Structures are given as structure tokens and as C-alpha cells.
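Right, one structure below, let's go through it.
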Amino acid sequence: MSMTPREIVSELDAHIIGQKDAKRAVAIALRNRWRRMQLPEDLRQEVTPKNILMIGPTGVGKTEIARRLAKLANAPFIKVEATKFTEVGYVGKEVDSIIRDLADVSMKLVRQQAVEKNKMRAQDAAEDRILDVLLPPAKDQWGNVQESDNNSTRQTFRKKLREGQLDDKEIEIDVAAQVSVEIMTPPGMEEMTSQLQSLFEGMSPSKTKKRKMKIKDALKVMLDEEAAKLVNPEELKQQAIEAVEQHGIVFIDEIDKICKKGEHSGGDVSREGVQRDLLPIIEGSTVNTKHGMVKTDHILFICSGAFQVARPSDLLPELQGRLPIRVELKSLTKEDFERILTEPNASLTLQYRELMKTEGVEIEFTKDGISRIAESAFRVNEKTENIGARRLHTVLERLMDGISFDASERRGEKIIIDENYVSEALNDVVENEDLSRFIL
């Protein structure tokens, strides 16, 4: 990650409106990963990441920041929900599985990079296999291949293959047979299932089977097979583990849902126990994965929660100490809603315009129409449950319902969505609190 904090914030601004503090905190944390890697080895081990706790109501951009960050980071990244985990010893996923899943993500990322690096060599080998099927090499009476006879023809076919002229021709090829092993285990033991499957698949002898397919599909299959031959699995494992340990990022959503609210007695397997299990992973421990042992000392953890019922102080004191950077995300205003409808690269109004354009219907949202949509969403949020920007999806779906249904019969029309159009479509629902509670 060589992007500066300003560049990271600018990239996030293209998709997320407002929340400057959260964007800055995330950008600094991401840049610090790069800064740390420039330090001498002995000092690098001492610099630990400053984990982040994002606090804010639902629908203000916490999860969206995580999604966009994953694309920017180009590093092993996983987003999980705290409510999915249970305390060790109970049925359900253990928190260690976060690191195992992160290692799997890293392995996939490293494999993709290795395949990309060897793409040219793999492409040539895959093309040779296709050409061997199309033009079996001529052999002399002793079984030796005579290359000179059909070399020019082979080059002609290779040119046609690269230009896509042979894409739809069907051929029969030998492909590696995938051995599928189905293992039934009780709920919460998915990790054991995947390990047993890997074990049995590794023990079974590699076989090939003949398959008939189009050349363009065969080329993809062979490209994957040839690329797999060019990479060293052991090297990949080492690179994947190093990538997790040095650059891994874990985003834990809904952390407020595992807080112990007030004086509560009795078994509570999904709350305080999960917090206790999270402590060693965030602080730094070693987790056994199928790719090897992973140290979590330098993995960056970003936690988020609405904290509408519980408060950050309801978290275990030890866990609070391991999340030193606190960022509060603000509730969205009517002006924020207007910007969300128009400013992001794939804004909601743009999505609807392009969707209707496929039916030959032109949609135009006027400025006063957008203002009225934003006002309607904001008012419904105030009067009922505040679900932030997600309310815009509900309001727009209600507004576009008739157009979406009749679009195929209105080809060639231009529909202008102005203040009057929005008022007619939404007024009854917005004004009636009981209706808006159930419909919007």
C-alpha cells in the first residue's frame, strides 16, 4: 500500500459521503502498515498496529468503508460479524476461525499474483495443448515428432486461436479430474470438515478425464492447469502466511452486540465469552491454520458498532484497551442524503438511470426531485426507526416501482422525476406514520 493518506481519503470520497474522521483514521492506519515495512527488522517487530473502534448509528457508512478499504488495500482482508461467533466449548464458530479464513484469503491472493506473474508462460503452454489436439504432431516411422512439416500450419492456427476465430469450435481434451469428498459433520465444525476434505483429496491419486468443450472454455481450463504447474505450493504457503502476519486486516462488525448490557446473570455464550476469546487474537497470539502457524501480533483490527443500546464502556476493559483509536461517525442529514443520491461514482440515481436505459426508457432526476426524495427519506427516519442511508433504497424502490414494472411497454419515452412526481408517489406513505412504518 504505497498510497498516501490523502489519496486513500480521496478514493473513499468517491464512494462514501461525509465521515471525514473515520476516513482519516482508516487512511492513517493503512499508511502506517507501509511505514512500518520501511523500518529496520528489529524495530519493525516492536511497532504494533493501533486498532480502531468505529462508533456510529446504522446506515452511516461503517460497513461501506470496510468494503472499499478491502479493494484499496490489496492485502489479506476479511470482514466478519461478531454475532456469528460463540465461546470455545459451545456449538458455533470459534473466533480462531477468523484467522483461518484470513489465511485462506491470503492464499488465494498470493496464488492469483503468482498466476499473473507466470501468465505468459502458462498461456503459451495452454495454446500448445490446444494446438496438439487440433493438429496432432506428425511422427516418423520410429515415433519421433517431425516439427518442420506442420510448423507453418501450426503458426497459422496459433494466430487464429489468439484472434478468437476458433473460439466456438468444440474439441475433446484431457483435464484433471476433481475428486470431491463429501463429509457430514455437526454444525459449528466446518473447519474440521475442510481439513478432512483437504486430507482425502490430497491422498487420492491425480486422474484425468476427457471432456468436450468449446475452445475458449478449454483455453481457460488449461491456462489454470498450466499456471498451477508453474507455482511452488510450499513457497505460496510461506508468502501467504507472511502476507497475513505483516499486512492482514480484520474488520469486525456489530461488536456492540456482544457487549454485556447492565447486570445480567446466567449463561451468555455469545457475548462476554466471545470478547474474552477475541482478546488474545487482538493482543497477539499464534493460530494454527491448514497453511501453517500464523502470528497475529501485527494484524490490524478495525471494530465497529452502532452502540445504541450498549456503550463502548460496556466492552471488557481489556478489550477497550486493545482498541485505542476511537472514531465517532455522525448521523446523516438531509443534505448528506442529497449528496449520496448524486455524488458517488455509482450513485443510486445513476444506477436507476442506467437500468431503465436497457429498456429504452430515459429517466431524468431534477434537482428539486432529488431534494424531495432526500427530504422524504430523512422524515421517515425521524418519525420511525433511523436506518440511515439504507432508507434511500426503500424510498427509491417505492418511487420507481411503477416505472420498473411498465418499462418494457414505455420504450422511447423520457420520464422526468421532479418534486411533483415524487410528492404524488410518496406523500400518502410518508405522511401516514403507520404506513411508513410498514412500507418504507
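Each position is counted from 1, following the chain as shown.
Cβ coordinates come from backbone N, Cα and C, glycine included.
Going by what Swiss-Prot states, the ATP site holds Ile17, Gly59, Val60, Gly61, Lys62, Thr63, Glu64, Glu318, Arg390, and the candidate of Asp128, Asp132, Asp224, Asp253 recorded there is Asp253.
Neighbour count (other Cβ atoms within 10 Å of the Cβ, all protein chains): 21 for Ile17 (ATP binding site).
Around the Cβ of Val60 (ATP binding site), 26 further Cβ atoms fall within 10 Å across all displayed protein chains. Under 8 Å, Cβ to Cβ, and six or more positions away along its own chain, Glu318 (ATP binding site) finds Leu279.
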